[in-house]
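Annotations for this protein, taken from TrEMBL, read as follows:
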type: BINDING; residues: Gly65, Ser66, Gln82, Gln83, Phe84, Arg85; note: GTP binding site
type: DOMAIN; residues: 1-146; note: domain 'C-CAP/cofactor C-like'
Amino acid sequence: QIDPKDYTFSGLKDETVGRLPGKVAGQQFVIQDCENCSIYIFDHSATITIDDCVNCQIFLGPIKGSVFFRDCKDCKCIVACQQFRTRDCRKLEVFLCCATQPIIESSTGMKFGCFQYYYPELALQFKDAGLSIFNNTWSNIHDFTPVSGENNWGLLPENAVVQDYVPLPSSEELKAVRISTDATRSIIPITRGRRQKSSDESCLAVFFAGDYTTANARKLIDEMTGKGFQLVQTKEVLMKAEDAHRVFQQCASEFIPLLDKGPVVALEFNGDGAVEGCRSIINDVFSGTKVFVSESKASAAQDVDNFYNFADMQMGM
């Protein structure tokens with residue numbers, strides 16, 4: 001028998017509270033009427049609602065469905081979810097991983113950054129919540145109630161440090177979780193999203209489903225960012241033969257047999273020389289693996305557009 005009290009934080013003030021990995025295990029959770037609190041849910045959940053919280057720091061592990069903030073103000077959050085919504089909120093700063101387009105409504109002073117966090121159980125919690133680490137539209141915000149001449153949301157500074165917003169937990173119980181906020185260890189690849197690109201040259205790389213797809217994609221990200229290129233966006237999505245023709249054009253037939261194995265993982269890199277840089281890493285490091293990479297700077301912009309237009313339609317963006 002489930003006791004709702006085990007899945008609720010209500011009416012707390014000046015406290016540090018949380019749930020350790022394994023303690024929520026996919027249930028829904030409620031956080032309400034909390035003030036000056038530090039709240040950490042180090043587990044996956046079904047849905048989470050956060051109502052009437054003021055000046056709180058909140059970490060929410062992967063949420064299979066939606067997270068809904070209502071009537072909250074001056075909160076700093078780290079959140080991973082399928083759907084993100086706010087209503088009647090003021091001044092929330094959120095490091096976000098969201099699989100669908102985040103929605104704000106009647107909310108002002110909202111700031112968003114890319115989720116970055118690590119602890120050993122987190123990768124499995126993403127799987128348990130049915131979330132892909134590569135599907136993150138953190139900066140593609142939809143404002144339901146825009147006000148003419150005002151902007152209700154913006155992006156956090158690029159050099160924003162997660163721990164300055166949501167410090168690591170201070171309580172003995174929660175210190176047991178082995179957390180790193182180091183960008184290079186983040187479970188979620190850190191993307192530029194909608195920020196201004198530094199170059200007019202991008203490159204598309206697509207890995208096909210297999211045992212090492214995630215590891216290979218991560219390896220390429222490490223190699224490319226290590227050379228100073230920027231990761232703009234990532235996507236994991238199923239493709240059919242007709243999609244491959246549209247995206248891969250004349251090399252489609254080479255890749256179509258690989259589509260039956262499962263979803264592809266696509267990465268967009270940006271920077272002068274990105275195509276050449278990416279192709280040489282693929283040749284050196286992934287010689288035995290079939291990867292689609294843009295042929296030239298000229299075709300790369302079209303590759304990126306073709307792929308992401310297709311993916312956005314697939315994801316119903």
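Every residue gets a Cβ built from N, Cα and C, even glycine.
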Just how spread out is the GTP site if you go by the largest Cα to Cα distance in Å among Gly65, Ser66, Gln82, Gln83, Phe84, Arg85?
11
Please spell out the DSSP helix, strand and coil residue counts for the domain 'C-CAP/cofactor C-like' (1-146).
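Counts, helix then strand then coil: 11 helix, 73 strand, 62 coil.
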Are there any residues in the same chain, six or more apart in sequence, whose C-beta is under 8 angstroms from the C-beta of Gly65 (GTP binding site), and if so which?
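Long-range Cβ contacts: Ala46, Thr47, Cys81, Gln82, Gln83.
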Restricting to the domain 'C-CAP/cofactor C-like' (1-146), what is the model's mean pLDDT?
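Result for the domain 'C-CAP/cofactor C-like' (1-146): average pLDDT 97.
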Give the sequence-ordered list of residues that share a chain with Ser66 (GTP binding site), lie 6 or more positions from it, and have CB atoms under 8 Å from its CB.
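Correct list: Thr47, Cys81, Gln82, Gln83, Phe84, Arg85.
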